[in-house]
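First the structure, which I've put down as structure tokens, then a few questions once you've had a look.
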Amino acid sequence: MDLILIVIAVLVVLALAGGLWLYVGRRQGDLPEDLSAHKPTSIEDLFPQEGQEGQAAEEVGEREEPGAEPEARPAATTATLESPESIPGRMQRLRARLAGAGGFGKAVLSVLSRGDLTEADWEEIEDTLLTSDLGIEVTTQLMEELRTQAKVLDTSDPQAIRAVLRSELLALVDPDLDRSVNLERPAAAEGAEIAGTPAAAILMVGVNGTGKTTTCGKLARVLVAQDKSVVMGAADTFRAAAAEQLSTWGQRVGVEVVRSEREGADPASVAFDAVRTAAEQEADAVVVDTAGRLQNKAGLMDELGKIKRVMEKVAPVGEVLLVLDATTGQNGMRQAQVFAEAVGITGIVLTKLDGTAKGGIVVTVQKELGVPVKLVGLGEGADDLAPFDPEGFVDALLG
Ligand SMILES: Nc1nc2c(ncn2[C@@H]2O[C@H](COP(=O)(O)OP(=O)(O)O)[C@@H](O)[C@H]2O)c(=O)[nH]1
Ligand SMILES: [Mg+2]
């Protein structure tokens, strides 16, 4: 009897020890088993690889220490050539973040589910659409369509009206627009006195603080991950901290940054140096960051116009991306218009969509500026830039 008890006790101890060992083993494993249950906020969460630690977590905010680095520094020694998060993964995150920020769909659907809608219910829906920055014109159009369909369809079926709202929103966002970033290498400008082959040039413009520098870094990272060689140009020469910030991104994503050591240097000449360097190196793309001072329209036109003209002495600029902060709503729209008039823009990057329920701005901005939203910023991390996908976006809005 005692012997049996002893054997049972030994077995229990062994079983416990085995369980503990398994548990510890899993805790120390490289990857969490279920990434979806993991909060994917940074690159380490999704791609735990060497060469990332420390750098990725580093604050890439504006820093005041003077840039002691020489211009045209070589790429960081620890080039991070790992591929970033997959596009479906990013879109899933976009959905989650938009939903987290309270896409307007939930509010609209909760009204719709009340069944027979009173005038007050309809007004509530209208208010929700308006506060999401869809704008008066678009909201009025949507409301008319919803009311008509509500009469045609059974109003007690919110899912049917939701489907109408979805298809109307999708039509407004326009899934047929070409949203690809132009990476075609241009032919050299006539009489261009440069060595090598011009790279596809991307010029980043927009108001201060919208996320231009961050987007340059994130975009460079995406390109590098696609095996493209990239050069960045720090043509925001207004503050030394701006060039420093871009250089930090350059180190982080393994891309050379052409900059001037002198605060207040001519931004156009830095931009020219960048495109020339890219051509000499036979790089695939050159991404040029600019300042966003909005002192007055004439000054802005002068500065951006000159930067672009000077770059085009080497080759045509294929992409001028206007960076717009989604949280600034209609205010941001007015500023965007000034930029659009100052320099012909070819696409929009809508940043900080992670922190706002005002996703309706996508519709408004495309309508007002007549160019597509091509990329969206979903956070401050290196992988928080996604191509804009209309269907995913509308689904995210509807929650
Ligand atoms: N939440 C969030 N923050 C962003 C995003 N893009 C940029 N930022 C932050 O916005 C601030 C201004 O960005 P910056 O690139 O310096 O703007 P710039 O003045 O236009 O160059 C920084 O703190 C960035 O980290 C985004 O998509 N989401
Ligand atoms: Mg900047």
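Glycine is treated like the rest: Cβ placed from N, Cα and C.
Reproduced below are the annotations present in TrEMBL:
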- 206-213, 289-293, 351-354: GTP binding site (BINDING)
- 48-58: compositional bias 'Low complexity' (COMPBIAS)
- 63-72: compositional bias 'Basic and acidic residues' (COMPBIAS)
- 372-385: domain 'SRP54-type proteins GTP-binding' (DOMAIN)
- 43-87: region 'Disordered' (REGION)
Residue counts in helix (H, G, I), strand (E, B) and coil for the domain 'SRP54-type proteins GTP-binding' (372-385), per DSSP?
0 helix, 6 strand, 8 coil
Out of Gly206, Gly209, which has the highest number of nearby Cβ atoms, where nearby means within 10 Å of its Cβ, if these are the binding-site residues?
Gly206
Could you tell me which of these binding-site residues, Lys212, Arg293, has the fewest other Cβ atoms within 10 Å of its Cβ?
Arg293
I'm checking region-level scores; what's the whole-number mean pLDDT for the domain 'SRP54-type proteins GTP-binding' (372-385)?
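Averaged over the domain 'SRP54-type proteins GTP-binding' (372-385), per-residue pLDDT gives 92.
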List those of the binding-site residues Gly209, Thr290, Arg293 whose Cβ lies under 6 Å from any atom of ligand 1, in sequence order, or write none if there are none.
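Among the binding-site residues listed, those whose Cβ sits under 6 Å from ligand 1 are Gly209.
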Which number gives the other C-beta atoms within 10 angstroms of the C-beta of Leu353 (GTP binding site), all protein chains shown included?
28
Which binding-site residues, if any, among Gly206, Gly209, Thr290, Arg293, Leu353 have a Cβ under 6 Å from ligand 2, given in order along the chain?
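List returned for ligand 2: none.
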Work out the three-state DSSP category of Leu353 (GTP binding site).
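Going by the DSSP assignment, Leu353 (GTP binding site) falls within a helical segment, counted as helix.
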Which number gives the other C-beta atoms within 10 angstroms of the C-beta of Thr290 (GTP binding site), all protein chains shown included?
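Other Cβ atoms within 10 Å of Thr290 (GTP binding site): 31.
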Does DSSP give Gly206 (GTP binding site) helix, strand or coil?
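Where Gly206 (GTP binding site) sits, the three-state DSSP reduction gives coil.
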For Lys212 (GTP binding site), which DSSP three-state class applies?
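DSSP assigns Lys212 (GTP binding site) to helix.
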